[in-house]
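Contents: one structure, followed by commentary.
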């Protein structure tokens with residue numbers, strides 16, 4: 001290869017490997033959080049885990065396959081075709097998982113009273129299985145016959161019976177344009193757009209109705225407890241829907257460029273084809289989508305954020321963390337431990353880590369982490385300041 005081509009390949013492969021590492025680490029953290037925290041074990045997060053599994057597979061398998069295809073090595077036609085189809089299966093499973101999440105959130109806000117009867121755990125698992133089955137059928141369609149054909153894919157640079165393994169040499173652009181993009185990428189994205197618009201319209205209408213009910217309350221300034229609870233739950237659902245809508249928007253931003261390039265290459269035969277740099281950037285952007293979701297969960301969803309911190313401090317940094325129960329000296333004052341009252345926001349996963357000593361009180365182990373001769377308090381692996389967001393200190397016991 002020329003120097004420029006070698007440099008281009010090194011940059012592309014390096015970025016792909018970095019994305020693969022971050023995708024596997026971040027989405028494994030998502031799955032781990034759902035398994036660890038019972039508060040996260042709900043129907044919506046079943047679909048989130050399905051999406052995370054697809055993103056883990058992108059990091060472990062799809063990106064190495066994409067790097068392999070980018071090299072253009074000589075391979076058996078059907079072996080190369082299988083690698084290309086596998087990439088399509090994972091993309092499609094992500095789209096169907098996002099669509100399932102959108103429908104789930106719409107039902108939760110449109111029919112909150114019937115949600116638990118309509119969306120059960122068994123039905124959710126069946127839908128997830130159906131999503132992956134349909135993804136496999138759609139992605140593997142070129143293997144059935146809709147491909148470029150062995151004769152058309154052969155090149156003089158490869159020995160007899162082998163083909164140069166490039167995506168376009170085995171998967172036809174008419175399949176990618178009409179069947180894959182228009183049929184099963186763009187259409188689901190437009191459906192999701194409509195669903196989220198309807199979600200926010202329904203939520204706004206219900207919040208306005210609750211505000212009117214509140215204004216007509218017989219006691220001015222006081223909202224009925226049932227109305228207050230419904231209002232709180234609806235606001236929580238709307239916040240979750242906004243977070244998931246952001247994820248859908250980022251998916252579209254990351255994946256549309258590569259599909260638009262494919263459409264231009266197929267529909268405009270006389271147009272100048274994009275350079276290899278442009279194509280590589282579009283491919284990297286599509287794979288980078290597998291990295292962003294865990295950051296959205298951490299930034300937008302408090303329960304995920306707290307569980308991420310717990311895993312990070314309790315498991316990942318466990319060897320670097322000194323812990324103890326009993327007397328610790330900080331600012332010349334000795335503390336045995338802290339008694340904390342549970343609030344309504346207290347995480348179940350966290351609140352059961354200690355031992356109940358009095359009604360409504362929990363006694364926890366006190367942890368500290370030493371860095372640059374400073375001490376940071378932790379409770380059961382969670383940063384003290386983060387834990388105190390949802391807890392109220394009612395008593396501090398001092399050693400005499």
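Glycine residues also receive a Cβ, built from the backbone N, Cα and C atoms like all the rest.
The domain 'G-protein coupled receptors family 1 profile' annotation in TrEMBL covers 26-297. Feature annotation from TrEMBL assigns transmembrane segment to 12-34, 46-69, 81-103, 124-146, 178-201, 244-264, 276-299.
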Beyond the flanks of the transmembrane segment (178-201) by 6 or more, those residues with Cβ under 8 Å of it: 88, 91-92, 95-96, 98-99, 102-103, 105-106, 109-110, 138, 141, 146, 238, 241, 244-245, 248, 251-252, 255, 259, 262-263
For the transmembrane segment (81-103), distant same-chain residues with Cβ under 8 A (at least six beyond the ends): 44, 47-48, 50-51, 54-55, 57-58, 61-62, 65-66, 68-69, 127-128, 131-132, 134-136, 138-143, 147, 165, 167, 170-171, 180, 184-185, 188-189, 191-192, 195-196, 199, 244, 247-248, 251, 255, 286, 289
Segment-segment contact (the transmembrane segment (124-146); the transmembrane segment (276-299)) at 3 or more Cβ pairs under 8 Å: no
Distal contacts, the transmembrane segment (12-34) - CB-CB under 8 A, six or more residues away: 40-41, 45, 48-49, 52-53, 55-56, 58-60, 63-64, 66-67, 70, 280, 284, 287-288, 290-291, 293-295, 297, 304, 307-308, 311
Overall pLDDT for the domain 'G-protein coupled receptors family 1 profile' (26-297), taken as the rounded mean: 89
